[in-house]
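Asks: Just passing along the structure, written as structure tokens.
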Amino acid sequence: MASDGPRLQRTTFTSVLFFVFVAVAAEAQLSASFYDSTCPQAASIVQEKVDAFVESDRGLAAALMRLHFHDCLVRGCDGSVLLNSTDPNILTEKSALLNSNSLRGFEQIDEIKIELEPACPGVVSCADILALVARDATVKVGGLSWQVFLGRIDGAGSFADEVTGSLPERRDNFTKLVETFAKVGLDAMDMIILSGGHSIGQVHCGAFFERLYNFQGLNITDPSMDPEFAAMLKAQCPPTKPLEFMALDATNGTFDSTYYLDLLTNKGLLESDVALLSDPLGVEYANKAVQDPDTFLLEFGMAMIKMGNIPASDPYGWRKHCAFTEPKL
């Protein structure tokens with residue numbers, strides 16, 4: 001009987017989270033069954049495409065998850081991050097400094113849309129595609145699945161100047177990170193958990209050069225960084241190679257709680273990641289995630305659902321092409 005205890009506890013916890021998911025989604029009037037009658041094959045089409053993409057390029061998992069994140073924090077979850085500029089005088093979100101050299105996966109989203117349209121013409125929104133893709137990409141590299149609630153409305157506007165101040169930046173401290181997430185209704189714990197998305201993905205070496213070579217303008221390495229880790233980084237990221245890539249955690253390509261272990265052992269890369277441990281709440285959660293990885297995976301799903309419920313600030317309707325809008329008739 002004793003061996004059943006943890007299993008029963010996990011089952012109970014999962015059940016509780018499921019009802020929380022439903023309650024959170026209900027507030028945003030999204031539904032897990034939104035396409036059941038109009039496009040029942042939508043989820044399976046998306047999943048098959050994502051599986052193929054990630055099998056071909058495992059690094060795409062982080063990129064595809066990140067698109068959903070960058071979409072929702074600017075103008076709500078409306079697919080605006082996917083829009084191309086049609087006016088040379090107006091840059092869209094994807095052209096913003098924080099996005100232009102870091103986001104990818106746009107072609108894959110277009111491929112999915114092309115696959116969906118013949119099956120279900122004029123039904124599935126680009127914003128919903130991003131939500132499904134983020135979940136499926138995470139699961140493909142080791143994450144636990146979560147229920148994706150659907151029914152988002154695409155937006156027509158996308159402006160580069162709205163990105164700054166809406167997205168967290170690599171040098172933000174804990175207070176600034178909390179403020180950024182609070183703008184869209186996410187709290188400090190949501191921010192800490194969603195930061196775990198850095199369990200997968202890579203970053204340019206130049207993004208942490210200040211910590212490595214010129215901490216606080218003193219031409220030294222951040223003394224809080226593990227010395228052996230710093231030496232490894234310097235070998236792989238010399239000052240002459242700011243565009244080289246470095247994995248964001250020690251198990252690059254696998255979604256797990258190692259990101260938090262790296263932080264606790266002074267092996268974090270970005271200032272914004274290390275900043276999580278400047279607050280007791282971040283320290284407490286990092287220890288919890290390391291001690292109970294399954295709980296982190298479950299709570300990450302819950303945080304993604306909450307983020308995915310951020311409503312579009314300027315809804316437009318369904319877009320036939322995710323990269324541009326068409327005049328309404």
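Even glycines carry a Cβ here, placed using N, Cα and C.
Under the heading signal peptide, TrEMBL lists 1-28. Annotation source TrEMBL lists domain 'Plant heme peroxidase family profile' at 29-326. If you look up TrEMBL, you'll see Cys39-Cys120, Cys72-Cys77, Cys205-Cys237 marked as disulfide bond. Summarising the annotation, TrEMBL assigns site 'Transition state stabilizer' to Arg66. TrEMBL lists His70 with the feature active site, proton acceptor. As annotated by TrEMBL, Ca(2+) 1 binding site applies to Asp71, Val74, Gly76, Asp78, Ser80, Glu93. What TrEMBL records for Pro168 is substrate binding site. Taken from TrEMBL, the feature heme b binding site applies to His198. Residues or ranges marked as Ca(2+) 2 binding site in TrEMBL: Asp249, Asp256.
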Asks: If you measure from the Cα of Asp249 (Ca(2+) 2 binding site), which of the recorded positions Cys39, Cys77, Asp78, Cys120, Cys237 is the nearest?
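Replies: Checking each of Cys39, Cys77, Asp78, Cys120, Cys237 against Asp249 (Ca(2+) 2 binding site), the shortest Cα distance is to Cys237.
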Asks: By CA-CA distance, flag whichever of His70, His198, Cys205 among the recorded positions is nearest to Cys77 (disulfide bond).
Replies: His70
Asks: Count the Cβ atoms, other than its own, that fall within 10 Å of the Cβ of Val74 (Ca(2+) 1 binding site), considering every protein chain shown.
Replies: 28
Asks: Restricting the comparison to the recorded positions Cys39, Arg66, Cys205, which residue's C-alpha is spatially nearest the C-alpha of Asp78 (Ca(2+) 1 binding site)?
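Replies: Ranked by Cα distance from Asp78 (Ca(2+) 1 binding site), first place goes to Arg66.
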Asks: Go through the recorded positions Ser80, Cys120, His198, Cys237, Asp256 and tell me which ones have a CA within 10 A of the CA of Cys72 (disulfide bond).
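Replies: Those close enough are Ser80.
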Asks: Cα of Glu93 (Ca(2+) 1 binding site) to Cα of Asp256 (Ca(2+) 2 binding site): how many Å, rounded?
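Replies: Glu93 (Ca(2+) 1 binding site) to Asp256 (Ca(2+) 2 binding site), Cα-Cα distance: 29 Å.
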Asks: Excluding Asp71, Val74, Gly76, Asp78, Ser80, Glu93, please set out which residues of the same chain place their CB within 8 Å of the center of the CB atoms of the Ca(2+) 1 site, keeping sequence order.
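Replies: For the Ca(2+) 1 site, the extra neighbours are His70, Cys72, Leu73, Arg75, Cys77, Gly79, Val81, Gly155, Ser158, Ala312.
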Asks: Might you list, by sequence position, any residue in that chain lying six or more from the residue listed as 'substrate binding site' with a Cβ less than 8 Å away from its Cβ?
Replies: Lys176, Leu177, Thr180, Phe181, Met191, Ser272
Asks: Out of Cys39, Cys77, Cys120, Cys237, give me whichever of these disulfide-bonded residues has the highest number of other Cβ atoms within 10 Å.
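Replies: When each Cβ's neighbours within 10 Å are tallied, Cys77 tops the list.
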Asks: Whole-number Å only: compute the distance from the Cα of Ser80 (Ca(2+) 1 binding site) to the Cα of Cys39 (disulfide bond).
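Replies: With distance taken Cα to Cα, Cys39 (disulfide bond) is 23 Å from Ser80 (Ca(2+) 1 binding site).
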Asks: When you rank Cys39, Arg66, Cys120, Cys205 by Cα distance to Asp256 (Ca(2+) 2 binding site), which of the recorded positions ends up on top as the closest?
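Replies: For Asp256 (Ca(2+) 2 binding site), the spatially nearest of the recorded positions is Arg66.
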Asks: Under 8 Å between C-beta atoms and at least six apart in sequence, can you list the same-chain neighbours of Cys205 (disulfide bond), or say none if there are none?
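Replies: Cys205 (disulfide bond) has long-range Cβ partners Leu233, Gln236, Cys237, Lys241, Pro242, Leu243, Glu244, Phe245, Met246.
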Asks: Do you know offhand how many angstrom separate Cys120 (disulfide bond) and Asp71 (Ca(2+) 1 binding site) by C-alpha?
Replies: 24
Asks: What's the CA to CA span in angstrom from His198 (heme b binding site) over to Arg66 (site 'Transition state stabilizer')?
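Replies: So the alpha carbons of His198 (heme b binding site) and Arg66 (site 'Transition state stabilizer') sit roughly 9 Å from each other.
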